[in-house]
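Trainee: According to TrEMBL, the feature signal peptide maps to 1-19. According to TrEMBL, the feature domain 'Aminopeptidase N-like N-terminal' maps to 28-223. As annotated by TrEMBL, substrate binding site applies to E158, G295, A296, M297, E298, N299, R845. Sequence annotations record features per position, and here TrEMBL assigns domain 'Peptidase M1 membrane alanine aminopeptidase' to 260-484. Marked as Zn(2+) binding site by TrEMBL: H331, H335, E354. Marked as active site, proton acceptor by TrEMBL: E332. Among the features that TrEMBL reports, site 'Transition state stabilizer' is placed at Y417. Per TrEMBL, domain 'ERAP1-like C-terminal' is recorded for 567-893.
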Amino acid sequence: MNMYKVTAAFLTCLFTVNAYRLQKDVRPEHYKLEIISYLGEKDNFNFDGKVWIDTSCVKPTSNITLHSKDLTIKEGEINIKDVSSNDSKTQKISKINYDKENDFLIILLTEPLKEDHKYEIYIPFSGKLDDGLAGFYRSSYYDKKKKEKRWLGVTQFEAISARRAFPCFDEPEMKATFDISIGRKDGYRAISNMPLLNTEPLKEKEGWFWDRFDTSVPMSTYLVAYIVSDLDYKTADKSSNNVTFRIWARKDALSQVEFAKEVGPKALEYYEKFFDVKYPLPKQDMVAIPDFSAGAMENWGLITYREAYLLYDQNISSKSSQHSVASVIAHELAHQWFGNLVTMKWWTDLWLNEGFATYMASLAVEHLFPQWNSLEEEGAENMISVFSFDSLRTSHPVSVPIGDPKEIDEIFDTISYKKGSSLLRMMSLFLGEETVRKGVSKYLNKHKFSNAEQDDLWECLTEEAHKNKVLPGNLTVKTIMDTWTLQTGYPVITVTRDYEKKNAIVSQARFLKDIVNFKDNSNPCWWIPLTYSTKSNLSFHKSTPEHWISCPSDSQVIENLGAQDEWIIFNNKMAGIYRVNYDAKNWKLLTEYLQSEEYSKIPVLNRVQLINDAADLAFVGRLEYDVFFDLVKYLKMEEGYLPWKAALGKTGSLTTHLKKSSVYGIYKEYMKQLLTPIYSKVGGLEISKTKADELESIKLQVMVAGKACKFEVANCIAHSQELFKKLKENPQGENPIPKDLRGVVYCTSLKHGGADEWEFLWKKFQNSNVATEKNTLLNALGCTQEVWLLTRYLEWSLDDTKIRRQDSASVFGAVARNDVGFYIARSFFYEKIKDVIKHLQPNKRRISRYLNSLANQMTENKDEQEFEQFIEKNKDSFSEVKKAVEQSLETVKINIQWQNKHASNIKNILTKYAHSS
Ligand SMILES: [Zn+2]
């Protein structure tokens, strides 16, 4: 699955496995599933189904337990047959029970099933397509030609919603093959994981048909998918591997599938070569769904997407949305191997799915669009997110014990995706790409159509590493990687140089943001690959470690480190997930060098790490803020996107702390000085035609322009307003605002405008046919300063006729990010919590995005008290997001600590730097 701006999340570790889990006495081997959807009959969202499950009895039992949720089971018709013998003896059922807490359907028999016998379980049932974006649910859109609302039925089963669509053994290890048939009205089409075999009339119902699909490969229930719709498709050119690729969308949006049509087959071919394993299905359908909860879902052979992550309009969509589309497609296709072909045994190893898909996608996008230079960007951004999230004591390990399956949703988060991906990147940098590729290929071949755990991967990688002699014979990948996947957090290494002796002592400790409330006596440690460069020995290209800090560890002494006046930098390529702190002299040497003409000899990623580390070390008081502000002085020469992003991210987070303080004027002056030269260098609000395919420089310009307008640099605001006025005067004409800068211009114009501007964009939002544009508009609509407009916008976020349910959390986020909007969003959340929760059902975990949006901006003691009381009073609403609650509360505490520690001296520092350049 691709997370949709997933925020802080996790789960409680206390668990007793057995209560939640299926017994493995009876195992499914094959499902025959028939579903009739009544879409096309007015207001009939019901469906009827029958399932025949071929099972094998592993251990004698009189209790068949499987999953079913919110389905009506026709109990009297359930039938269990012993099909091992010719007479197909029917088993007598004594009772049917339900365990609602665990979604169990329990069939009790008068006599036990026999070991090694095969049984067919037949269960008829019915259900309803609801609007909760999970299970077999309904979605809708307005068809411009037909001038009417059209409905579709679509599935989203990961993690535990297959049970909402049909009774099944809904755990990833219970793989089986599937024969799926969908009954639907003439004029609709059904698609499923496998190709259509034949279509035949449905005897009982005139004008209805059965679409019967080919037998699937063995797969987990969460990957089953089917759709009934009148969407249309375009077929991509057949690639060398002969896989048929079809891209589906609303008819009105079909012109936006061209880019996906090009990327899909190429990415698939790339993976086949990389893994040296063929894609096992003859086809791949990729479908843009108007209402979709996650970003996308990797169902085998039938991948579903939010429209904004599959559809791209080259005249309207921004360059960075094109990057997202490529990246999400590549992510889902990587899952066809990681997740689909080899699946985690249990959700504990979800990171194997998500970390790999994220990492592989960055390789594939780099391969397909080398001019974008996105591998470096994604590597850096993932690391920076991990550095931030994983410095909370309430974070969690990558490999995380899962008890109650209801907690699974909480781990689709930064840790599983971004830390998982960063760990794989780190590993392929210390073992070498070829070793990792071969090890991974071995792992996939060994476990295909089956399940595995992280230890299985470590084993294959160790074999390959020893063969290629990239690890000493007595060291295994497991020894190293267990310290990274089984523990929460990451280390900071402290480098203390002896300039006389030309050596340095290097030691490790966990990096935590909360240094007041949390005393960690466990002394966690990591196996850390050490690489470094010095001024006279620029070996930044080298990522195989010269030294390891082992675990358990004493500090290491590293010899022969270069002359007294030479700086040293650890962690070439920002390969390892660790921060680095140096002694004062080394920081000074680095700062001076960065301000010289030679600064770019320190490569981009290491510049990013220096900026990010200096800021966060200063944040927690391990470094003087002067070091950070001195370091970023060099930005007057910098033109790279990533260093600027790191710097503006860090200076930007000061806004939260200073916006209500009397120092804000000085801070604003500082930001203005920082931004003025770069704003003019990037071209202000004009994008030259030659730049159109330069992803990084466009991203830099958009980011700088956004900040420039915020801090009133040059004519940013006036220029925005002028462009907006032109657009408003001629809304049907060509949009005068460069497509990439529309977000900035819209937001700025709304911020400095009134109801008129708002209504204009709202209308534009309603009429837009392009999902990426809708997202831009949806965010911009949160920029107004008019209190009543913000309040109404929040109310509309709970009204399906105005804002799609999939977008309600984004609307809330857009309002809460706004300085005025924060207070309105907070009151709204406190007052309407019951309505918000009800609106998000059954995906309650999305409430974590609301919590996170608010917590980030709370900086005062009274905020904390109020927030705590509110949560205490509404405990029930937050029962499924306990970890997100803890993380939010910790974030607030950390914000308050910053105020206590730095509020009094930040004025002096800012005054010094605001006037020093
Ligand atoms: Zn995924």
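Using the three backbone atoms N, Cα and C, a Cβ is placed for every residue, glycine included.
Just so you know, TrEMBL annotations never went through curation; they're auto-generated.
Help me picture where these features are in the structure shown.
Mentor: Summarising the environment of R845 (substrate binding site), the number of other Cβ atoms within 10 Å of its Cβ, over all protein chains shown, is 25.
Here H331 (Zn(2+) binding site) comes close to N2, A296, E298, A357, T358, M360, A361: these same-chain residues lie at least six apart in sequence, with C-beta atoms under 8 angstroms from its C-beta.
Proximity of E332 (active site, proton acceptor) to non-local residues of its own chain (separation of 6 or more, Cβ distance below 8 Å) is seen for N2, M286, A296, M297, E298, I303, Y305, A357, given in sequence order. In the three-state DSSP assignment, the secondary structure recorded for E332 (active site, proton acceptor) is helix.
With a 10 A radius on its CB, Y417 (site 'Transition state stabilizer') counts 27 other CB atoms from all the protein chains.
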Trainee: Just give me the nearest neighbour of N299 (substrate binding site) among the recorded positions H335, E354, Y417, Cα to Cα.
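Mentor: Nearest listed residue in space: H335.
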Trainee: Please classify the secondary structure at E158 (substrate binding site) using three-state DSSP.
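Mentor: For E158 (substrate binding site) - judged by DSSP and reduced to three states - the answer is coil.
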Trainee: Counting across all protein chains shown, how many other Cβ atoms sit within 10 Å of the Cβ of A296 (substrate binding site)?
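Mentor: That number is 26.
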Trainee: Spatially, which candidate from the recorded positions E158, G295, Y417, R845 is nearest to E354 (Zn(2+) binding site), comparing Cα atoms?
Mentor: Y417
Trainee: Of E332, E354, Y417, listed as recorded positions, which ones have a Cβ less than 6 Å away from ligand 1?
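Mentor: Once distances to ligand 1 are taken from each Cβ, E354 fall under 6 Å.
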Trainee: Between the two most separated Cα atoms in E158, G295, A296, M297, E298, N299, R845, the residues recorded as binding substrate, what distance in Å do you get?
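Mentor: Output for substrate binders E158, G295, A296, M297, E298, N299, R845: max Cα distance 21 Å.
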Trainee: If you run the three-state DSSP split on G295 (substrate binding site), which class comes out?
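Mentor: Looking at the DSSP assignment, G295 (substrate binding site) belongs to neither helix nor strand, so coil.
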Trainee: According to DSSP, does Y417 (site 'Transition state stabilizer') fall in a helix, a strand, or coil?
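Mentor: In three-state terms, Y417 (site 'Transition state stabilizer') counts as helix.
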Trainee: In whole Å, how far does the CA atom of Y417 (site 'Transition state stabilizer') lie from that of E158 (substrate binding site)?
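Mentor: Y417 (site 'Transition state stabilizer') and E158 (substrate binding site) have their Cα atoms 15 Å apart.
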Trainee: Other than its own, how many Cβ atoms are within 10 Å of the Cβ belonging to G295 (substrate binding site)?
Mentor: 21
